[in-house]
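Listed in Swiss-Prot:
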TOPO_DOM  34-1363  topological domain 'Lumenal'
REPEAT    71-82  repeat 'BNR 1'
REPEAT    115-126  repeat 'BNR 2'
REPEAT    388-399  repeat 'BNR 3'
REPEAT    457-468  repeat 'BNR 4'
CARBOHYD  Asn465  N-linked glycosylation site
REPEAT    498-509  repeat 'BNR 5'
CARBOHYD  Asn545  N-linked glycosylation site
REPEAT    738-749  repeat 'BNR 6'
REPEAT    778-789  repeat 'BNR 7'
REPEAT    836-847  repeat 'BNR 8'
CARBOHYD  Asn986  N-linked glycosylation site
REPEAT    1039-1050  repeat 'BNR 9'
REPEAT    1112-1123  repeat 'BNR 10'
REPEAT    1153-1164  repeat 'BNR 11'
TRANSMEM  1364-1384  transmembrane segment
TOPO_DOM  1385-1466  topological domain 'Cytoplasmic'
Amino acid sequence: MFFLTKILPLRGRIFPMFGCLLLIVSLITGCIASPAAEVAETVFDSKPVDFMTFKDSTNTLFLNAEFGDVYLSQDNGQSWRNGVISGQVCPIKKLIKHSFENSRVFALTECDTVYYSYDNGENWDYFTIDHPISITQLPFHFHAKNPDYVIFNNQYCSSSGTWVGKICKPDLYYTKDGFQSDPEPMPVGSSYCIFADSSEKMVVSSEEQIICISLNPNSAARPPFSHHIVYSDDWFQSIVPVQLHNFLGSDGAYGILSTGSFLVAALIDAATRKLFVYVSQDGYYWEEALKFHKGFEFDAFTILPSTEYSFFIDSLDSHPNNPTGILYSLDSESNTFVIRQMNTNRYVDGYTDFMLIDYLDGLQFVNVVENVDEIEVDPQVDKVLSSRITFDGGKTWSTVASPESSCNSMKQCSLHLFLDPHVSHASIASSKFAPGILLASGSVGDRLLSENQMDLFVSEDGGRNWTLSRDGMHLFAMSGFGSIFFASEYLDVINEVYYSLDHGQSWVTVTLDKTIVPIKLFASEDPYAEIFYLLAMTDDGEQSNYSLFSFNFGKFLPKECQFSNSESNKNDFEKWYTRYANGSPICSEMGKKEFFWRKKATSVCSVPKSITDLHGSFDACECTDEDYECNTQFISNDQGECKLLDFIGSLLCASEDLDTFQKIPYRLVPGNKCTPNKRDSHREPQTFNCDSFNEPGTEITSFLYDFDEKIVDVVYLEGTVPEENTFLIGISVNSHVYFSEDEGKTWDKFSKEEFSSVLPHAYNKNSVYMVTSKNIVYFTTNRGKNFYKFKAPSPPNQNGKSLFSFHPSRPAWLLYAGSENCEKNPFADDCRDVVFVSLDFGDTWSRLPSNLEYCSWAKAEKLVVDDTLIFCIRQNTNDPFKKELISSIDFFEYEQDEILNDVVGFMIEDEYVIVAVQDEEGTSLSLDVSINGLNFASCSFPAYLNVHPKQAYTILDSQTHSLFIHVTTNTHLGSEWGDILKSNSNGTYFMTSLANVNRDSVGYVDFERLEGIQGIALANIVSNTKELTDGGTKKLQTLITFNDGLDWSYLNLVGGEKIVPKCGKNCYLHLHGYTERNQFSDPTSTNAAVGLIIGVGSFSPFLIPYEESQTFISRDAGVTWYRIFDSPHLWAFLDSGSIIIAVESISPTNVIKYSADEGRTWQEYQFSEKSKVVVDVSTKPSGVGHQVLLLTTDDENAPISSVLIDFDALYRRTCVFDEENSEESDFVRWVPTDISGKPLCLRGRISSFYRKSIHKKCRVGSSLLVKEEVLSKCECTRADFECDYNYRRLKDGTCVLVSGLQPPDTREEQCSVDDAFEWRQPTGYKRTPLTECEGGVPLDAGTLHPCPGKEDDYYKAHPKPGGWSIFLTIIFSILLAAVAGCILYYYSRRFLKGAIRLGSDSATENPLESGISYTRGAFSSIPIFFSALYQSVRSLFIRSTPTNGEFENAAFLQNYEIDDDDEESV
């Protein structure tokens, strides 16, 4: 029987259809008929998305994404209407329901408006924010207890219309009243925030606590290293930094989130890229979670659903394109990760086949990959998946029991479940109101079959046993209490759907009046509503549409269910225990006998809302062996006994210098509720003797390996985890590759193939790409654990360009610079460069346009541009000898932009994009620079420089927010030198930092920064340039700078006059520089050994030959130097500088020297019987290792032998850092000072660093991460300022306006800042980006003006002076000016040439020059003072209005002659 009701047409977007009331005749004998279903169908011309239902409501909601409208049904889907948001202006893009308040829903637009409803979608309001909304991420973060507390983590993404593409910035807000008032913006610098109380399982101290990742105002690093974690529990009235790590604090904040009862924070150390994970359960107390674990790879783990006592992580463990993982859990007691399952099935986006049934303690499902070995050989192989189940939280796993009748004669037979998190029907349907009842798709056999071979299975005992419910792949759902199962066939055209009233044992067919293709099936979120919704595609012959069916069984269930706490026939509920044996309840794997009430399968009734809690109770069981597992730091052996990990025993013995210690080998499985009995010995501590853990002694060990050919380079894959072995790659002169997995003790040949290139990944320390002569590329992403290969898309280029351009944030993205038609003849007419792009680690390649010569990712670690932006060099179509710089953000599919013409080349250095451009005549070479991606500006060089295209630029670095370049000024072969230029912070104006700096014929420059302390660098100059015009030998001298290239001085050797008594005053210490060093030698300094520098050189007027040189050390960052050896040595820093090794580099030797007191005393270790020449010394690049690798040979062409010397056993105890108790700490605070002992001002501050005390006998290991601590701020000096835009700096430090340019107008920029009411007139100077100085010389303190419309606020802050004050000020100023004028006139006649000059800070000035500079510096501020005075007097009589960039002090500046003809080098 059908009862037809008409569905109202809705504005032409829904086709008029009919609903029907379908009465289904019972197929079951008995006095009670099977219930009917009320069925309604509505047809739409576009696909409904974001479908949602509500608890305790008949309302249903969805989004028509094509038109941006929200549709509402108030009768469980029988009828629909749109336009429910009155006054809607912007199309809706996304619907989001409140996580904890079911009646609240939010509608996101891409405008600046968010609509919201607090009554299940019936009535709507809105709030606006300052910028358009980005829906690439879900912006809302909800409070678990107070629904009115909401955080809105928006990202404002804008496109400048230029080649940079889209750039996103944080745009965060919060509300305390559910957006009844305008949302409050988060503090400036906030990038992501959450509530501490963000889970129903959380227990926090303050409900108002907010935790944020925020920009650290004291950090000059790049993101994420510039960000730290802060919290506030008073709505940002106060903000407290979170101290997670002794040295890092919380710098390097990579992410924060909540899961289960845990807050999780991840930090990345900028120096080592090591990942630190911290957990908290109250938002205040945090504990490191990886303390005894080897660690996870950066950006390769996934946080999974968690419980109140454990949370789960899946970590990548294979090829990223066909990934597998390792499942870990962490519990609230130990805060230590434990491996729970290997070879889990992961997806490229990080999702994992994992399912947790949260209301049943310990019940989880996971799919594992059975053919991992095949995938490691060939990542293209399809995965073979099988399912596992655990009932004890991951301690033990088993296959899923298959239905008894399904296996037939198969040897390996179990049930495998479809758990793909990307597919809505690939899940397990369950409900806490129907405990133990599970509904899932899968297949029976030895593996999970394809979707079209899957069936529908049911379990009624929490996954222990399963039955086949329906054949074929289905969409499925069950009502909240399990009263009704509903299913439709999938992957086919159908006209029938099915429902079951007895937990899937039998099914009733409902025939529809049309054929459909089901898409999704939903059950009502209201557990008391027996309603299902089916979304399907239909076809009326003209076009495909979407039908939304609702099936309402609730009205026709014959009775209301009866519930009582006693089991009887009248009770519609039964008592179900979580585990049975022989029909009787027994203790579960979680140490308790637990039961729930659930509706009987035979009861056909509707559950009243008075029934809310079906959890009965549990009784704790007596503990057995099965309730325990190995404690953290222990591992189970073959006999099932828990044995302490060897490295843990060694670590504990070393850290405390113990003879014995106690540990408890066992612990209860997290969440287990059993009660230990008196005889239970599992919790008793076990005593361990340190002698049994390979106790470190004092023996240094060495390992010799003889190669059969010459090794010319060694590549270290140190990775992100210092505790693990470093993977080494050796490259031979014959193009063979060797590898070592044990730090260099033993080596194996990678293959018989010859390799043309070995390219470490520029941004990923775990990765290297190796290219064979046959264009096969081998690569690893996990530090050599697995190597994969692909075929290069073409032969390599023939002109020396780097083969690969690596992306800084997307490791799978590669650009390849190849060639075609060049192998036989690289000069052939059809030989050309080609460029390819891959987004999947080289599995597939796309060729870019054919006229491109070279391309590079534009995004750098400090350059904020679109991820897809690439720069390319393209041949000019009209002139093949001219080239253009172009860009694209879609790999030239639709868009490209031409940036510059006549380009020679380009490079990206941190935040700078640098392009070399030649003029139209081809006679001069210049640079164009961009730092913001919006425009390029031509660099202004000193007037004396005119660089020919055949001359060389060498980009040195940009670590200090200034670009350092070397411009070659003499190109005579063998006598090359040039000038080092330093730019202002935007890279457009350069001053000469140091002239006549040495370089070699290849282009390398004798310029090297001190690692670990910014602003200090060494350089070698050619002192006899006039003698070399016709050839000759360079005479080199070494200089050092402590203020980032503004001043340079000679090196000070302590006792130098005793070393070379007859040398005289012309002798200084000079060092052999970068151009003379082996390409793979260790650097002069390292970040890990801050302040320590070693070099080979001589105390002489000029640098003498290397073989005649001696070896020197500085322990104070280059201020003073000491001789340590009479001959040249190679060296390396081990254990963060606590051990220094050195070995003779010219003469054959079999002895290595080592020092544990920063080179004050040395001991020797004989590493072989035979003496050989040591050609290279190498160690971990981070400087934290304890091993050093020597490459030795008998003569220049003989095969190489490697000697690994292991100093790991030198000290047994691990150093302890105790910031509070300096006497107990093994580290001392070191403050850099100048030669007089005065603390050095570096970047405007006096800083301290921690180094191991030379008097403490311990090993640093990874216990020390060098961190600078600011002790005090310095007064500002001229070194803290640079020239403002459109100004250039003369050699004396004076900033003058560039001829033809105007001073920058920054009024709008300054006044646009929140709460700004005044703007400051530029003076030509601005603070350098890195300085933190305070007070002192205010060179950037220009005249203040009120912002437009803020005059009242301005004059409140700056009251006008009274009449007498003005009169006295004028009289005093006139007298002072008269005296000053006389003094200035006197000195200017004697010493000055008329320029305004800044006082010099150099300690090398003579007294007369110093006095003159001071006088000039003091009185050069008088014109600015008069300008301010004039402005204050004038404002009494003239209405003050904002100026338009006119500078009144310019008139006073013009009273002085600007010395603008002096652009020489310093």
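Note that Cβ sites are derived from N, Cα and C of the backbone, with glycine treated the same way.
Worth saying up front: this structure is predicted, and the values here are computed from it rather than measured.
Swiss-Prot feature annotations superimposed on the structure.
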residue: Asn465; record: N-linked glycosylation site; Cβ neighbours (10 Å): 16
residue: Asn545; record: N-linked glycosylation site; Cβ neighbours (10 Å): 18
residue: Asn986; record: N-linked glycosylation site; Cβ neighbours (10 Å): 20
Asn986 (N-linked glycosylation site) and Asn545 (N-linked glycosylation site), distance between Cα atoms, whole Å: 56
Integer mean pLDDT for the repeat 'BNR 1' (71-82): 93
Asn465 (N-linked glycosylation site) versus Asn986 (N-linked glycosylation site) - Cα distance in angstrom: 69
Close approaches to the repeat 'BNR 6' (738-749) from elsewhere in its chain (Cβ under 8 angstroms; 6 or more beyond its ends): 703, 705, 707, 711, 725-732, 784, 1185, 1187, 1189, 1202, 1204, 1206
Counts of helix, strand and coil residues, the repeat 'BNR 4' (457-468), according to DSSP: 0 helix, 5 strand, 7 coil
Helix, strand and coil counts within the repeat 'BNR 2' (115-126) (DSSP): 0 helix, 5 strand, 7 coil
DSSP state at Asn986 (N-linked glycosylation site), helix/strand/coil: coil
Structural state census, the repeat 'BNR 8' (836-847) (DSSP three-state): 0 helix, 5 strand, 7 coil
Helix, strand or coil at Asn545 (N-linked glycosylation site) [DSSP, three-state]: strand
DSSP-assigned states of the repeat 'BNR 11' (1153-1164) in counts, ordered helix, strand, coil: 0 helix, 5 strand, 7 coil
Composition by DSSP (helix, strand, coil) of residues within the repeat 'BNR 6' (738-749): 0 helix, 5 strand, 7 coil
